[in-house]
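Novice: I am attaching a structure below and will ask some questions about it afterwards.
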Amino acid sequence: MNQFKVISKFNPTGDQPKAIKSIAKGIEKREKFQTLIGVTGSGKTFTMANIIEKVQKPTLVLAHNKTLAAQLCSEFREFFPNNAVEYFVSYYDYYQPEAYVAQSDTYIEKDASINDEIDKLRHSATSALFERKDVIIVASVSCIYGLGNPEEYKKLTISLREGMEKDRDEIIKKLVEIQYERNDIDFSRGTFRVKGDVLDIFPASSSSKAVRVEFFGDEIDRIKEFDVLTGETITKLKHISIFPASHFATSKDRLEVAIKDIEEELEERVKELVSQDKILEAQRLKQRTNFDIEMMREVGYCTGIENYSRVLDGRAKGTPPQTLLDYFPQDFLLFIDESHVTLPQVKAMQAGDKSRKDSLVEYGFRLPCAYDNRPLTFKEFENKLNQVVFVSATPAKYELEYSTNTAEQVIRPTGLLDPEIIVKPVKGQIDDLYTSIQETIKRGFRILVTTLTKKMAEDLTDYLKEMGVKTRYLHSDIDTIERMKIIHDLRKGEFHVLVGINLLREGLDIPEVALVTILDADKEGFLRSETSLIQTVGRAARNSESKVIMYGDVITKSMEKTIKETNRRRKIQMEYNEEHGIVPKTIIKDIREVIQISDIAEERKEYDNLNEALKSYNNDIDKLIEKYEEEMKEAAQNLQFEKAAHLRDVIYKLKKDKETEL
């Protein structure tokens, strides 16, 4: 078995060794809940990696959005190049859930666009858990949604070994059962093709490698892994496991039992609706469910099969769905990153799902078993946990209340101090802000300004622009790519001041920022709570010359606690710096490194000029498609999904153009 091994040119320093030892010891002592309190820039991810190396447990890292999960996944892949580091997030690029609006008698059918690359990564994650122990999966809250039965998934796995006596047609039949499709022309993920005694299988967890099984009579003669694009053999295999092409794949026997259960539930529910004088609803439910049953009998699945997942799994009514957590061995470790944001997200998921299902069940669009295709409730989530480490600079009440051990990581290896906090009166705050901005710009740094309302942010942006200050406003309507472009431009000095309401989201740890100002800091509320203030102050913690100005006429409890906590952290870091002779120095990261997503728009222009590209390839459209396919796969492997998706669209256009020419 492969062991977790951190590969890094750095060794743990500052508070890291103490935190690693404390948390690892707690895990060995079977502590269920622990908290790692780590300030911005203290190297929490590196600490997490070292804890994983120490305890050697399969690990799930839970992040609160896809972007943060992708960042963490990239970092863990750097630390663990020889171990399986996987990415598991929602595979929907676009998702419109099924719903019924009774007031207007409007039925909204489920509409979704599935990202094929993310689906591949999800399959890669689940199959890795069955194949090895040294697995780290970085996931979003998508991991608390129903995923199909892991026991059934494992049972349906096809195991092929060199020299094994196996009928080719029997394997083909099994492949169809686990939802692989035969396609001798378009050989893609989740398909297989047959030519004489040769069976090629394109696993659901792969994007560029397929498996060739060669038969001699009823015996498997050879198994090879080959490159789908070139056809070249990569390696010869003694054994291969082919995992199902869908997490909801079900054996024929189980499906027959499930169909009987669905028919019984349908009969019961129809009687119930008729007794309530809901004749239309009863007829609708009968028609829709019978169609689904027919599809399941014919092809093994139907659209919206997840709504029958409880019946397919053979679970009792009201029992929790099987999720990614059930695919892990019992002795797994869970890190909840930015737990103060992630845990409330987990808590909120189930309520929204239930309210939508109520009308679907009531008006005869779905059977009541659809209720059990849902995210876990928070209580169910807790019950599935083994050992948890909450990671946050500002852990909430839940984390601190339940944790039996807390490790603090205040010292930054760079020696950087938490910024100095200055409180100034509200009267004349705009004039004072303008003066402070000018001083900071003269020193060559940038400024973040956080306001309480959208109106104030817009007015302040207009005012500063009128005063000749290069200013931009960051608001919630801006999409991810545009948002990242704004931060990229701020770092490059295209403008100097960024105004916003909530500047706490990831990606705003900008070393060039030397001034963070908080307007109306004394207005208690969500945006001026202790957690929000500490997080906002942290935005200035990447620069050795930074400071924070809070504008307020009174010092609220939240302000007082924030100032006290920041001063405590400054004192600890100053003592450490003095003891070790460290002079705090701003670490200026390469701009491309922090914000890879921002150049996608530029890269798109390059790919959109197809006429120029074709000229450079002597109008050989096939060669250009081949080049773009390689680049698309490389982008996807590097988690650059926007670039990969755009390349996919360009390839599709080229293929269409080729067909037109023919």
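Keep in mind that glycine also has a Cβ here, set from the backbone N, Cα and C atoms.
The following feature annotations were taken from Swiss-Prot:
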type: DOMAIN; residues: 25-182; note: domain 'Helicase ATP-binding'
type: BINDING; residues: G38, V39, T40, G41, S42, G43, K44, T45; note: ATP binding site
type: MOTIF; residues: 91-114; note: motif 'Beta-hairpin'
type: DOMAIN; residues: 429-595; note: domain 'Helicase C-terminal'
type: DOMAIN; residues: 622-657; note: domain 'UVR'
Novice: Secondary structure at T45 (ATP binding site) (DSSP, helix/strand/coil)?
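Specialist: Note: T45 (ATP binding site) is helical by DSSP.
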Novice: Just to be sure I understand the packing, how many Cβ atoms besides its own are within 10 Å of the Cβ of T40 (ATP binding site)?
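Specialist: The Cβ of T40 (ATP binding site) has 18 Cβ neighbours within 10 Å.
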Novice: Out of S42, T45, which has the highest number of nearby Cβ atoms, where nearby means within 10 Å of its Cβ, if these are the binding-site residues?
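Specialist: Its Cβ has the most other Cβ atoms within 10 Å: S42.
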Novice: Report, as a single number, how many Cβ atoms besides its own are within 10 Å of the Cβ of G38 (ATP binding site).
Specialist: 24
Novice: On a count of neighbouring CB atoms within 10 A, which of the binding-site residues G41, G43 is highest?
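Specialist: Its Cβ has the most other Cβ atoms within 10 Å: G43.
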Novice: What are the helix, strand and coil residue counts for the motif 'Beta-hairpin' (91-114) according to DSSP?
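Specialist: Residue counts in helix, strand and coil order: 0 helix, 15 strand, 9 coil.
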Novice: What other residues of this chain sit with their CB within 8 A of the center of the CB atoms of G38, V39, T40, G41, S42, G43, K44, T45, the recorded ATP site?
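Specialist: The surrounding set, listed in chain order, is T47, A393, Q409, R412.
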Novice: Measuring CB to CB from V39 (ATP binding site), give everything in the same chain under 8 Å that is also at least six residues away in sequence.
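Specialist: Long-range Cβ contacts: A393, Q409, V410, R412, D418, G538, A541, R569.
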Novice: Taking the Cβ of K44 (ATP binding site) as centre, how many other Cβ atoms lie within 10 Å?
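Specialist: The answer is 22.
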Novice: Tell me the coarse DSSP state (helix, strand, coil) of G38 (ATP binding site).
Specialist: strand
Novice: Where does the mean pLDDT land for the domain 'Helicase ATP-binding' (25-182)?
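Specialist: Here the predicted model's pLDDT, averaged over the domain 'Helicase ATP-binding' (25-182), is 90.
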